[in-house]
Amino acid sequence: MKMLQFAVLFALLFSSSSHAADFCVAKLKGAGSPAGYACRMPSKVTVDDFVFTGLGVAGNTTNIISAAVTPAFVQQFPGVNGLGLSMARLDLAPAGVIPMHTHPGASEILFVVQGKITAGFISSSANTVYVKTLKKGDVMVFPRGLLHFQINAAGIQAIAVVSFSDPDPGLQITDFAFFANDLSSELLEKSTFLDDAQVKKLKKVLGGTG
């Protein structure tokens, strides 16, 4: 009887593992969901779906934050669909900054390739601030969903590579969430304790209305 039970268990395990998919390259034409994208037919998958070459190219830092993010998320890199990871490149010109933001879907690890970067995050429980100036070769982790930032801490171009624990980590930049939309100035003033002039100035800079 024990041998029979063992044989049945082994058969079940073998059966379940033999039918598991090796990968699920994203079918980007359809809508994504929190569980990811639908899988492309294996016959339509090529080696290029598992290769991304964009991280070797510097991003354009000629913008209001003097910084650029080059993502290798599922939308750009369909081979990571369902694998629980993705990457991006950060380029920060002198005085460049990745403003306070959050990734609701993933934790992040940052590796400094060039220059120095002051980075930090704020805990959600006690609003404790964790800040460190990182040099070439240093690594820092930012827990999922917590507000964090990166600032160029030297007079030269800074470069970092970041890894995320989800193919689609999501992104919400706090300044843009507040001031780059049509939420009325009156409500913003009441909810942020900023005066009318400050709110209108920030809305003008970031393209908000209301």
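Start at 1 and count along the chain as shown; that gives each residue its number.
Placement of Cβ uses the backbone N, Cα and C atoms for every residue, glycine included.
The feature Mn(2+) binding site is assigned by TrEMBL to His101, His103, Glu108, His148. Sequence annotations record features per position, and here TrEMBL assigns oxalate binding site to His103, Glu108. Taken from TrEMBL, the feature disulfide bond covers Cys24-Cys39. If you look up TrEMBL, you'll see 53-200 marked as domain 'Cupin type-1'. Annotation source TrEMBL lists signal peptide at 1-20.
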- Item | Neighbouring C-beta atoms (10 Å sphere around the C-beta of Cys24 (disulfide bond)) | 20
- Item | Per-residue pLDDT averaged over the domain 'Cupin type-1' (53-200), given as an integer | 96
- Judged by other C-beta atoms within 10 Å of its C-beta, the most isolated of the binding-site residues His101, His103, His148 is His101
- Query: When a 10 Å sphere is centred on the Cβ of Glu108 (Mn(2+) binding site), how many other Cβ atoms does it contain?
  - Reply: 22
- Here the Cα-Cα span from Cys24 (disulfide bond) to Glu108 (Mn(2+) binding site), rounded to a whole number of angstrom, reaches 23
- Message: Using only C-alpha positions, which one of His101, His103, His148 is spatially nearest Cys39 (disulfide bond)? These are the binding-site residues in the record.
- Response: His103
- Message: Centre the Cβ atoms of His101, His103, Glu108, His148, go out 8 Å, and tell me which other residues of that chain have a Cβ in range of the Mn(2+) site.
- Response: Thr102, Phe121, Phe142, Leu146, Leu147, Pro169, Leu171
